[in-house]
Each structure stands twice: as C-alpha cells, then as structure tokens.
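Listed in TrEMBL:
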{"type": "BINDING", "residues": "GLY31, VAL34, ASN38, SER262, ASN291, LEU405, SER409", "note": "Na(+) binding site"}
{"type": "TRANSMEM", "residues": "25-42", "note": "transmembrane segment"}
{"type": "TRANSMEM", "residues": "54-76", "note": "transmembrane segment"}
{"type": "TRANSMEM", "residues": "97-125", "note": "transmembrane segment"}
{"type": "TRANSMEM", "residues": "177-195", "note": "transmembrane segment"}
{"type": "TRANSMEM", "residues": "207-227", "note": "transmembrane segment"}
{"type": "TRANSMEM", "residues": "255-273", "note": "transmembrane segment"}
{"type": "TRANSMEM", "residues": "285-306", "note": "transmembrane segment"}
{"type": "TRANSMEM", "residues": "393-414", "note": "transmembrane segment"}
{"type": "TRANSMEM", "residues": "435-460", "note": "transmembrane segment"}
{"type": "TRANSMEM", "residues": "466-489", "note": "transmembrane segment"}
{"type": "TRANSMEM", "residues": "510-529", "note": "transmembrane segment"}
{"type": "TRANSMEM", "residues": "559-581", "note": "transmembrane segment"}
Amino acid sequence: LNSQLDKLEEDEAGDRPKWDNKAQYMLSCVGFCVGLGNVWRFPYLCQSHGGGAFMIPFLILLVLEGIPLLHLEFAIGQRLRAGSMGVWSEIHPYLAGIRIASMCISLTVSLYYNTIIAWIMWYFFNSFQDPLPWSQCPMDASLTGFVSECERSSPVDYFWYRKTLNTPPTIEEDGGLQWWILLCHICAWSVLYICTIRGIETTGKAVYVTSTLPYVVLTIFLIRGLTLKGSLNGIKFLFTPDLTELAKPTTWLDAGAQVFYSFFGGLISFSSYNSVHNNCEQDAVIISIINGLTAVYAATVIYTIIGFRATERFDNCLSGNILALLNAFDMAEGSITDNHYNQVVQRLNETHPEVIQGIDLKTCDLTTFLIEGTGLAFIVFTEAITKMPLSPLWSVLFFIMLFCLGLSSMFGSIEGILVSVQDLKVFPKTLPKEAITGVICALCCLVGLIFVLGSGNYWLSLFDTYGASIALLVVAFCEMISVVYIYGIDRFNNDIKFMIGHRPNFFWKASWRVISPLIVFLILVFYLVTKVSEKLLYKAWDPELEKFPTLEVKLYPHWIYVIIFILAGIPSLAIPFAAIWKCLQKKRRKNQI
C-alpha cells in the first residue's frame, strides 16, 4: 500500500501545487475555520441557548467531534494527495457521493456567504461619513419631520431593513433587485476572484492579512468595550450558564452544527498541498484549539458591546418610568433614584394602586435588552458604534475585520469547489486555472442574485438554516464510517504512522471507531425529529403591523419545502444514489463482457 501511495504522490507532485511554508498553510486553515461564524453566528447561538450554557456542549463536541474529524480530514487529504473528490473515490468508487455532497455544501455556503460580504462592503462604504447614516433618522418628503418607519423603529433598524435590504413584508414578494447591493455583490465576487485567481498561490499570500487582522481589531474593540458603561453586564450574561438549556436537544444540535460549520469544505484540499510527512495530528489539535478559543474571545468582545447597548436601553427605560412617576405624583426631581426605583413602585402600588395602573410603566429588564437576533453585526454593533467618539473610525475598523473574516472563510469554500471541479476533470486540462476560477465565480455571482432581491435576507436565512445543517451532519457521519470501516482503521493507522512516525493513541481510535460516529448519528436523529415536528417559520419586517418594530413570525409558504429539499435533501441523497449508480455501471460492464 505504501509503495502505491508513494507512487501516487510522485505522479501528482509535478502538477499539484504546494504551500510556500507551514505558516501559510496554518493561517489558511485558521482563516477558514475562524470566519464570520465566530463573530456573526456563535454569539447569537450563545444568546439563544442561555449564554454560557451553550459553550458547554460546544466545547464538548469540539473535543469529541471537531478535533477527530479535522484530524481525519487532514490525514486522509495529505496521504492521498487529493481534494475531497479524489480522496473518496480513491477509498472506494461507491463513495463518489460524499465528494458530490461536499461540493454542493461548499457551493451553497459560498452563495450566501459572499452576500454577507457584499452587505459588509455596503456598510464599509457608508462608514466614511460623519455623522454615520444609521445614527439618525432621515427627513420625510415634506422636510417637516422624520420618516415614520424610522421613528417607529430606530435609525439602525431603518438603515438595515429599508436602506440596505429594502425588505418586503413577505418572502413571496421579491422586492426587485437592489442596485446598490448588486454593485457590492459584483464587487465582492470580483475581489474573491482576484484573491483566488491561481488557487493557493494567491490565497496563500492574502491570508497573511485576512487571518491576522481580525485578532488585532477584536483586541482593540475589547479594550474599548471594557471602558463602556455596562460592558460587564454583557460578559456576566455570556458566562452565566442557564443549565436548563443543556436538557434541550436543540442546544446540542446547534453546538454540533457550529463545530462542523467551521470544519468542512476546503480543509481536505488544503492538507493535500502539504508534504506527506507533515504532522497533521498536531495541526488538527492546534487549529481546533484556536477555533474554540477565538469563538469564545469574539463572543466576549461582542458581549461587552451588547452589555453597553443593553445597559443604555435599560437606563433610558428606567428614566422614562421615573419621569412618568414624578409627573403623576408631582414629586420633586431626584426623589426617585435608579437604585430605589423598585421599592418606590412597590410602595406606591400599595398606597395608590389606581394611579399606578393609569401610568404606562414599561417593563425594564436588563436580560431582555441583552437578547439579540441574527442581525447582530449589522444592528447591535452599528448602534453601539454610533455612541462612541470617532464613530466613523470604529465603524471602518469593524467592517474591515468582518470583511477579512468573510473573505478568509470564502477561500476555503471556493477551494473546495475548485479542487472538486479539477479532480472531476469538468474542464479540459489545457484551460488555465484563471479561466476555471473565473467561470465558477461568474456562475456563483449569477445564482447569488437571489440574495440581492428585496427578499434576499429571508432567502439567506433559509439557506443558512437548511443549506449546511442536515447535509453537513450526513457528510460528517459518512466520512467517519468510510474511513474507519471501508478504508479500514488499521490501514488508516498505518498511513498515519508512515506520515508522522507513530500510530494514533487510544483517544483517536476510540473517537473514530465509536464516539464520533455515534454522537453525529444521535445529533442527526434528534435534528430530524425536532425539525419534522416543527412548523417552518420566519421573521418578517412589516411596517404596517400594529406591533411594529417587532418582527412578525410568519409561516413559510408550502412551496418552500421544495427549496428545503433541494438544499438539504439533494446533497444528502447524493451519497446513496451515487453508490447505486456506480453499482449499476459495474453490473452493466460485467454484462457487456
């Protein structure tokens, strides 16, 4: 076997590029794993699942699922010297479906991830204004007051939903193409094309900036965030676990999906450009630890800002209530303080209940102000930035950081598609790499126009929820089963010994054989059971609603099930169907003989 693999390596050495150095490879992997998911997705999931409670399953699954899967992908890609296409066909012809499923997931994620980069660019271009355009409401057409939709919501909400997305009230209304986002969309794909024009030869250079700059910006924001009033309230909320969340299967499902979200796509391709004797075990552990720590670090930074924003809203709420009480009871200013507010209200409610009932006192709960949605980066942070001195500078810094995070994640997704297309020999060998990259980026740009519609935000949410969840779990499960039980765990252990000089220890063997596949299987079953019993809902922005600016929860139309099947079902079903197709081909050839 080793002689065959050595020959394979020699055959491919001439036409398969290599990393210039180890740092370039590690930064590319870190950049891909540590992406928008750490700043845009992870803090939101923490909030959804009881703050620090979400970190417990996340870190457990990172150790039991993430690290073993990453080591497996690195090792198999490095040993067989191929991307996900070549690797699974090399293990067994019937496993061709895994390569197709992986490419479909990479393609799906690339489509909507680059739209987020387009939104980031739009905000970045608008950051060179003082005051920032989302810091105040615009005047109405008569110039006698402010736009009603903005007054009823807030400047940041209005800029996001109306000026950026121009969102219609339902997903069934497309809202037309938004030309300003279309320009950013084309610009985002053009930048990505330039950065990936020659595969790792160009992305390897770009990662020196895209993978390191976010850490610098996050640290600057952490220092600034800690100086703001209420920042510690946010950190306290983040690190105070609501342990009842651990009993909910959805918490574990989201934690598992978040781990896999970081570790799929172009990582097999990245490792295939290494020397065959590179220490892939060490790489997997280091990159997984960096990924986990960065997620926690980014969430800490984000929650200092959320804590500041929530405290300010809480103070404003309390001040409004105190003013209402002072006016109702004709009390002197300063007679009710923030610290004694609850006691005063309780006492007045006992002595003058009819007066208290007549006052519209708002419920001021700091915890509810800490709750945010998926618009975290574009609503929460932008509002917090407007409260800071030199706000345009902070805004430019923040969106440069998000741009770098998004771009370095896209490198891995595009690499996963490019290598798969090359391994499949879709294009003739004479066609230069620049042309292949250009065709793929152009096609993705065209398909991605669905996210440039007014309803694009609804579509993006749909793709993010279903495009990589079920299929990702299925692919992870099939990868581990294929390597352990089809390629053979003993054969795989021998390969690792050949590459790094020693066999895998008990932890790796136990994880690959039993623990990891079993956990993935259970997560997948729980995921399907919970999703089947749930109604499919989405949140819509509708200024005509009485409860506006609260987002209205609406049922998806019935035809959306077809889209969900395309997103989640086709990549998953590609695995068994490809195996059946290969089997039929083999039988046909036998019959012809």
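Any Cβ shown, glycine's included, is placed from N, Cα and C.
Structure with TrEMBL features highlighted.
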residue: GLY31; record: Na(+) binding site; Cβ neighbours (10 Å): 26
residue: VAL34; record: Na(+) binding site; Cβ neighbours (10 Å): 26
residue: ASN38; record: Na(+) binding site; Cβ neighbours (10 Å): 27
residue: SER262; record: Na(+) binding site; Cβ neighbours (10 Å): 27
residue: ASN291; record: Na(+) binding site; Cβ neighbours (10 Å): 24
residue: LEU405; record: Na(+) binding site; Cβ neighbours (10 Å): 30
residue: SER409; record: Na(+) binding site; Cβ neighbours (10 Å): 29
### Task
Test the contact criterion for the transmembrane segment (435-460) and the transmembrane segment (97-125): 3 or more CB pairs under 8 Å, pairs 6 or more apart in sequence, then answer yes or no.
yes
### Message
How about long-range neighbours of the transmembrane segment (97-125): same chain, 6 or more residues beyond its ends, C-beta under 8 Å?
### Response
36, 40, 84-89, 164, 180-181, 184-185, 187-189, 192, 264-266, 268, 378, 382, 395-396, 399-400, 402-403, 406-407, 409-410, 413-414, 416-417, 420-421, 423-424, 444, 447-448, 451-452, 456, 459-460, 463-464, 467-468, 471-472, 474-475, 478-479, 482, 567, 570-572, 574-579
### Message
Using Cβ atoms and a strict cutoff of less than 8 Å, what residues sit near the transmembrane segment (285-306) while being 6 or more residues removed from its termini?
### Response
26, 29-30, 33-34, 37-39, 42-43, 46, 55, 58-59, 62, 66-67, 70-71, 215, 218, 221-222, 225-226, 228, 231-232, 234-235, 237-238, 258, 262-263, 370, 372, 376, 380-381, 384
### Query
What stretch in 25-42, 54-76, 466-489, 510-529 has the biggest tally of Cβ pairs under 8 Å against the transmembrane segment (559-581)?
466-489
### Message
Restricting to CB pairs under 8 Å, which listed stretch, 25-42, 54-76, 207-227, 510-529, is in contact most with the transmembrane segment (466-489)?
### Response
510-529
### Query
Which range out of 25-42, 54-76, 510-529 gives the transmembrane segment (207-227) the most CB pairs under 8 Å?
25-42
## Note on the structure
VAL34 (Na(+) binding site) falls, by DSSP collapsed to helix, strand or coil, into coil
